[in-house]
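This report refers to the structure that appears directly beneath it.
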Amino acid sequence: MIDIKGTLVSEGQGGVYNERMLGNFRVWDPYRSKLAALWYLDKMTALGKDEVVLYLGAANGTTVSHVADYVESVYAVEFAPRPMEDLLAVAKKRKNIVPIYADATRPVRYAALLEPADLLYQDVAQPDQAGIAVKHLPFVKSGGRLILMLKTRSVDIRKSADEVFADTCEELTAGGYLVEKSVWLDPYHKDHAAIVCRKR
Ligand code: SAM
């Protein structure tokens with residue numbers, strides 16, 4: 001990952017969403033992107049240039065665009081029509097983004113479009129976040145990674161953030177992931193934890 005005097009950046013062809021530029025580099029804001037927040041809090045979670053990424057919850061492609069600056073290719077899944085339009089515009093300018101308009105709870109519908117992923121990145125803010133990650137285990141290479149951005153309030157508002165976190169880790173473990181570490185994303189994103197796993 002590239003940082004310029006402590007500021008995370010990525011190197012792409014021009015700006016995508018009016019982000020700040022530092023010379024030719026695009027500033028990757030931790031308040032707008034959970035993956036950037038994770039980097040500020042844990043410098044070990046880096047992206048590799050040869051990696052294939054399966055990205056669930058692409059939204060309008062802001063974080064996707066930064067990820068695409070670093071890796072070989074990004075398969076970006078989004079099911080909401082409006083953000084999908086923006087994502088398509090981003091993908092038009094970056095040849096290593098494959099936009100997929102689909103519901104991530106039904107991976108069987110787009111399985112044929114995918115290649116095995118080195119990294120499954122998930123940011124869907126849905127009740128069944130662990131279940132969605134487990135359904136995508138077959139698309140992750142053996143020993144590949146999962147970074148799940150857990151929004152605890154989307155899972156169950158009656159439970160504490162810690163309880164939701166513990167339940168999620170249990171479900172991921174039972175589903176075939178080894179939880180390696182977790183990082184709460186405060187102060188950048190409240191009630192969000194990044195759970196970093198490996199496929200067993
Ligand atoms: N990752 C984005 C970023 O950093 O720019 C933000 C993602 S936003 C928190 C969550 C996104 O997940 C929304 O755009 C939503 O439409 C999408 N989403 C939620 N459930 C989904 C599902 N089942 N399938 C596909 N996309 C989903």
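Any Cβ shown, glycine's included, is placed from N, Cα and C.
Please treat TrEMBL annotations as automatic predictions, because they have not gone through curation.
Sequence-distant contacts of Asp123 (S-adenosyl-L-methionine binding site), defined as residues of its own chain at least six apart whose C-beta falls under 8 angstroms from its C-beta, comprise Lys34, Leu35, Tyr55, Leu56, Gly57, Ala59, Thr63, Met149. For Thr62, Thr63, Glu78, Phe79, Asp103, Ala104, Asp123, Val124, Ala125, Gln126, the entry in TrEMBL reads S-adenosyl-L-methionine binding site.
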Local backbone state of Thr62 (S-adenosyl-L-methionine binding site), from DSSP in three classes: helix
Secondary structure at Glu78 (S-adenosyl-L-methionine binding site), reduced by DSSP to three states: strand
Winner by Cβ contact number (other Cβ atoms within 10 Å) across the binding-site residues Glu78, Asp103: Glu78
Listed in sequence order, residues with CB under 8 A of Ala125 (S-adenosyl-L-methionine binding site) and six or more positions away: Gly57, Lys151, Ser154
